[in-house]
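Some features that Swiss-Prot has for this protein:
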| type | residues | note |
| --- | --- | --- |
| ACT_SITE | Asp74 | active site |
| ACT_SITE | Glu133 | active site, proton acceptor |
| BINDING | His72, Asp103, Glu163 | Zn(2+) 1 binding site |
| BINDING | Asp103, Glu134, His348 | Zn(2+) 2 binding site |
Amino acid sequence: MRLDDPVSLACRLMSYPSVTPDRSGAIPFLAELLSDLGFRCEILSFGNGDVEVKNLYAQYGNGHPNLCFAGHTDVVPPGGTWRTDPFSPQVKDGMLYGRGASDMKAAICAYISAVARLDSVPGCLSFLITGDEEGRWREYGTKSVLDWMTKNGICPDYCVLGEPSSRKRLGDCISIGRRGSLNFELSCRGVQGHVAYPELAHNPIDDVLCILRKIKDTTLDSGTDHFPPSHCEITSIDVGNDVENLIPSSATAAFNIRFNDLHTAESLYRDMDAICASVTSNYTLSHRCFGGASISQPSCYTATLCEVVKEVTGLDARLITDGGTSDACIISSFCPVAELGLPSGTAHKVDECVSVADVLTLAEIYHRFINRFFAVAQSRS
């Protein structure tokens with residue numbers, strides 16, 4: 001297999017049915033590829049007894065500067081009805097179809113092919129690949145690998161995360177930060193009764209709706225220099241009541257807040273709890289955070305990445321902080337990170353696909369950036 005052909009590599013990697021958490025063999029496959037390129041590979045398994053997540057740390061060279069590429073092999077379930085087998089990748093009319101094409105197996109392969117074309121590495125190259133970024137066991141993925149790296153004295157100088165950061169065209173956006181994501185579950189208790197005798201009951205739906213309206217009417221902030229305003233979206237309202245003449249005894253709701261660096265998960269929980277308490281005392285509110293707001297301040301390496309994108313695509317990449325959560329929020333507390341990958345338009349969708357030309361172009365961007373990174377690092381030393 002030609003390691004400098006990103007499309008062929010992507011077809012192989014995408015053929016692994018690596019629905020999160022990835023147990024498909026994709027991680028050992030990547031370890032084999034990188035071993036052939038001279039990387040020292042460590043397959044790292046973390047878990048809690050009920051689940052085990054396989055991860056990969058691979059390194060070429062030693063010391064600094066260390067340029068790391070991060071990514072994930074796990075994918076969301078295919079869902080729906082595909083025109084092609086989601087795990088039998090096909091190239092048709094210049095498009096590569098299959099689950100993981102956009103998010104983010106093709107980007108991993110583009111970076112590997114970029115590395116395969118290097119004449120020399122005047123420093124250290126590394127890969128951090130996890131088998132669970134999409135699912136519920138993320139604590140055993142990138143976070144656990146970073147803990148392992150810290151214990152072993154490994155700290156990259158810069159990281160490129162291959163998430164699908166591009167919007168309409170490859171290279172139009174580079175993500176330097178991510179908003180935090182906080183999920184809430186609200187439950188209000190009432191008094192069950194007959195709809196004809198509301199004075200003998202208390203309808204918890206009224207309390208839930210009042211709380212949600214107050215939350216939606218609350219302006220959390222006006223945004224910052226790098227982040228848009230924080231906002232809340234209601235995702236569920238439920239009573240589990242199939243009886244038309246019954247006032248239910250309880251009602252639940254769920255909502256999500258995407259928040260910027262003016263807040264923490266705990267400060268937002270206190271704010272939401274105060275709103276609930278202003279309406280009723282008969283409630284419970286729980287929360288689960290999928291990462292706080294994070295940002296890597298633009299640096300000479302970020303500028304270099306933008307320069308390379310401009311050279312290859314002709315586009316002036318926008319530095320953004322919107323979009324969904326990613327492992328960048330974990331990596332950014334460890335080392336500076338920028339996300340640059342393929343367009344996100346079909347990520348997680350039926351018939352997920354990317355342009356073959358974009359895969360080849362992304363490989364060229366990665367290749368030039370790797371060379372330029374070491375040149376910039378040497379000029380600063």
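Easy rule for this one: first residue shown is 1, then count along the chain.
From the backbone N, Cα and C atoms, a Cβ is placed for every residue, glycine too.
When secondary structure is read from DSSP and collapsed to three states, His72 (Zn(2+) 1 binding site) falls in the strand class. When the C-alpha distances from His348 (Zn(2+) 2 binding site) to the recorded positions His72, Asp74, Asp103, Glu133, Glu163 are tabulated, the minimum falls on Asp103. The most crowded of the binding-site residues listed here (His72, His348) is His72, judged by how many other CB atoms sit within 10 Å of its own CB. Other than the site residues Asp103, Glu134, His348, same-chain residues with C-beta atoms no more than 8 angstroms from the centre of those residues' C-beta atoms, the Zn(2+) 2 site, are Val75, Val76, Gly100, Met104, Ala347. Listed in sequence order, Ser18, Val19, Thr20, Pro21, Asp22, Thr130, Gly131, Asp132, Glu133, Glu134, Gly135 are the same-chain residues six or more apart from the residue listed as 'active site' with CB atoms under 8 A from its CB.
For the recorded positions listed here (Asp103, Glu133, Glu134), the lowest count of other CB atoms within 10 A around the CB belongs to Glu134. Residues His72, Asp103, Glu163 make up the record's Zn(2+) 1 site, and a Cβ search at 8 Å around their centroid adds Gly71, Met104, Ala107, Glu133, Glu134, Leu161, Gly162, Pro164, Ser326, Gly341, Ala347 from the same chain. Neighbour density for Glu163 (Zn(2+) 1 binding site): within 10 A of its CB lie 27 other CB atoms from the protein chains shown.
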